[in-house]
Amino acid sequence: MSASESEIQARLLAQALPYMQRYENKTIVVKYGGHAMGNAELGRAFASDVALLKQSGVNPIVVHGGGPQIGAMLNKMGIESKFEGGLRVTDEKTVEIVEMVLAGSINKEIVALINQTGEWAIGLCGKDGNMVFAEKAKKTIRDPDSNIERVLDLGFVGDVVEVDRTLLDLLARSEMIPVIAPVAPGRDGHTYNINADTFAGAIAGALNATRLLFLTDVPGVLNKKGELIKQLSVAEARALIADGTISGGMIPKVETCIEAIGAGVQGVVILNGKTAHAVLLEIFTEHGAGTLIVP
């Protein structure tokens, strides 16, 4: 490394110092998903980001998805993927595959990546320590022709109804980094598959997290010119949904951000997981890396 490169790195570290101090002993929940999960180089960059957060005194918690991997495993086993209103129908056979892929395969891959940095990660799902309880999701869809709403039966798709933070508080006082799969039991004894975004929001809300980061395949919320909006209040975000600036798949993402803030999260960021070290750029630099939504 040349002297000039060393000087640049030193300046970057000096600039990061106040942000490291700001987030020391704070909880940051990161929802890991999208393109980054399928790219080995981005996966290693993400793991090193999480490790550096821990080494800087932050309490990072990772929640992950895995929709494409679930679909691939169902195809491999000859089980047809069924969707209602764009949502996966999870029958009894499918929920077993979902749990195997999320809490088994994907979860342990992420744990291994973080452990390779020298930090200690531990793989969990909502069942561990009775951390999360769910109930059958109540979803409806409106027929565009008749304007009549009908209830969707999505099988064992769930909504979070309770989060017990005891285990997560215990891990926060340890050297462990929790990596959590969005699978949880119901009081009825069934296992439920939960949307990873809403699961992460529920975890972050229960912990009154300082930040919740959603790693996506887009830079963040864009204005009508296609430019990144750096910060929005909840009221401004709702107005952009109402006027159509926020549309399509970004609407449920932003609505989840709003719900998380209502549950006690101090700020939620939508950022591009395809950017290497996006987490560090968001947390430890002045301009961040995505769209920050605040109360």
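Every residue number used here counts from 1 along the chain in the order it is shown.
For all residues, glycine too, the Cβ spot is worked out from N, Cα and C.
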Recorded substrate site member, picked from Asn147, Asn193, Asn208, Asn223, that accompanies Gly66, Gly67, Arg88 in Swiss-Prot: Asn193
Site with most surrounding Cβ atoms, counting all protein chains shown within 10 Å, from the recorded positions Lys31, Arg88, Lys253: Lys31
Near-site residues: substrate, ref Gly66, Gly67, Arg88, Asn193, CB cutoff 8 A to centroid: Gly65, Ile70, Gly71, Thr90, Val98, Leu102, Ala196
